[in-house]
Amino acid sequence: MADASPILLWFRRDLRLADHPALAAAAETGRPIVPVFIHDQAVEGHGAAARWRLGRGVAAFAAALEDKGSTLVLRRGEALQTLRGLVRETGAGAVWWTRLYDSDARKRDEAVKAGLKDDGLDARSFAGHLLFEPWTVETRTGGFYKVYTPMWKAVRGRDPGTAAAAPSRLSRPESFPESDALDDWRMAAPMNRGAAVVAPHLVVGEAAARDRLDTFIDDKIADYDEARDIPAIDGTSGLSENLALGEIGPRTCWEAGWRALDAGAAGAETFLKELVWREFAYHLVHHTPRLTTGNWREEWDAFPWNEDETRPEVLAWKQGRTGMEFVDAAMREMHVTGRMHNRGRMIVASYLTKHLMTHWRIGLRWFEEHLIDWDPASNAMGWQWSAGSGPDATPYFRVFNPETQVDKFDRDGEYRRRWIAEGQGSPPRTALDYFEAIPRCWGLGPGDGYPDPVVSAKDGRRRALDAYSDRDF
Ligand SMILES: Cc1cc2nc3c(=O)[nH]c(=O)nc-3n(C[C@H](O)[C@H](O)[C@H](O)COP(=O)(O)OP(=O)(O)OC[C@H]3O[C@@H](n4cnc5c(N)ncnc54)[C@H](O)[C@@H]3O)c2cc1C
């Protein structure tokens, strides 16, 4: 007789109903589905902004499941024990989930799979977080790609499969097990007063992510090639926030990008390429887990980066008060919106690791604390790319000059005016919001003077290049 026991569907960073292979497969069986989200602090701990954003995403997903006649069961605790408890409570014969690729998640998932299999359960993982899983893309000699462009060429013409539609209804078990109350998890607590400032900038949930993609394709993709590099222009998709939590599937984005390319949209190929940068980051993290914790090029362990986080110039960087306007504008954008334009990310990362000779790990952790689109793979790759210690990285001797970057990417000063209040007669709301978002104990206000540079662009560059030429690797 066919197995009619419930399937526990363990949701993690895949908070969606469409383009979800594990959910589609479960719905196909006709068996009752028990959707579960476990707040597993060991893996889903995150920084303040990502944790808060996760809470908002879980709430939106729970509401979407209610619309389908189902219920998201929330539990907190160590994953394997929690799932075993839920199996006992529901009589489930299967536990299915979408694969993740960073090392913390993989270690947890491997232990979960082994434990559940020992219990005689159908423990199964599915693709869905990526277009192409890391072991399916190989160089001609059989390794993984360490350089982006050949990887792009290898996958450009590949078919990642079709994104499935959301199931129309989900079969319910006779009763759902008890669920924690999301409010009891206090996901917003570490955000303090920042939450009220960042909240209007969030775009939460699957339906909103889908609208965001459609708006991007209809209104922005044609100009994406050029607009994407100008931080004052809202010219990118903004989808990183949703992709990070799986509120939209990468195949849905890929298909939309291809349709736009086929229809002749000029920027569509660049958009597809950016999606593959995300893949590249995950392939790297899968094959070399140290990407998130240590120098990918291990010879960089000998480089004299400073790891003292208490230095005043590091505090100035965190606060957006280095006296370098482009750097400060970008850091403040992150305080207010939980995001930072990609150009800004490259500039502040270069400035911290080169002008301030500070270890990229300090920046990586600060981003992890403040980004609502925090992603373990893209964040680590971005930092190591900027620092020069990663694969296919910008060479260390290419030091972004924050002053000349202004001429290229913010010539009329709109971006800097949007975020830096000091010196403006009537600063815009965005610039004032920065003072509402930051910790009160910093004691900063819009009436303060704008700081002198903690290091001049020229001196910082020279210091970095001297250290680089003194290295013995
Ligand atoms: C130091 C540093 C840290 C970063 N940290 C993160 C992070 O924590 N989370 C994150 O999602 N991205 C990170 N990035 C990559 C990039 O800045 C963002 O993905 C991008 O700004 C998101 O905006 P968007 O969604 O509008 O992108 P779009 O320009 O619309 O691009 C579409 C999608 O492609 C992917 N993508 C675009 N650029 C990159 C890139 N350089 N690397 C990897 N994927 C990319 C993203 O998923 C993005 O949503 C980082 C980059 C740097 C230099």
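Keep in mind that glycine also has a Cβ here, set from the backbone N, Cα and C atoms.
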Of the candidates TYR224, TYR396, the one that TrEMBL places in the FAD site of THR236, SER237, GLY238, LEU239, SER240, PHE271, ASP373, TRP374, ASP375 | TYR224
From TYR224, TRP305, TRP360, which recorded positions have a C-beta atom under 6 Å away from some atom of ligand 1?
-> none
Lowest local Cβ density (other Cβ within 10 Å) among recorded positions: TYR224, PHE271, TRP305, TRP360 = TRP305
Give, as a single whole number between 0 and 100, the mean pLDDT over the domain 'Photolyase/cryptochrome alpha/beta' (5-131).
-> 96
Closest by Cα to TYR224 (FAD binding site), out of the recorded sites TRP305, TRP360, TRP383, is TRP383
Give the number of CB atoms, excluding that of SER237 (FAD binding site) itself, located within 10 Å of its CB.
-> 25
Residue distribution over DSSP helix, strand and coil in the domain 'Photolyase/cryptochrome alpha/beta' (5-131) = 61 helix, 26 strand, 40 coil
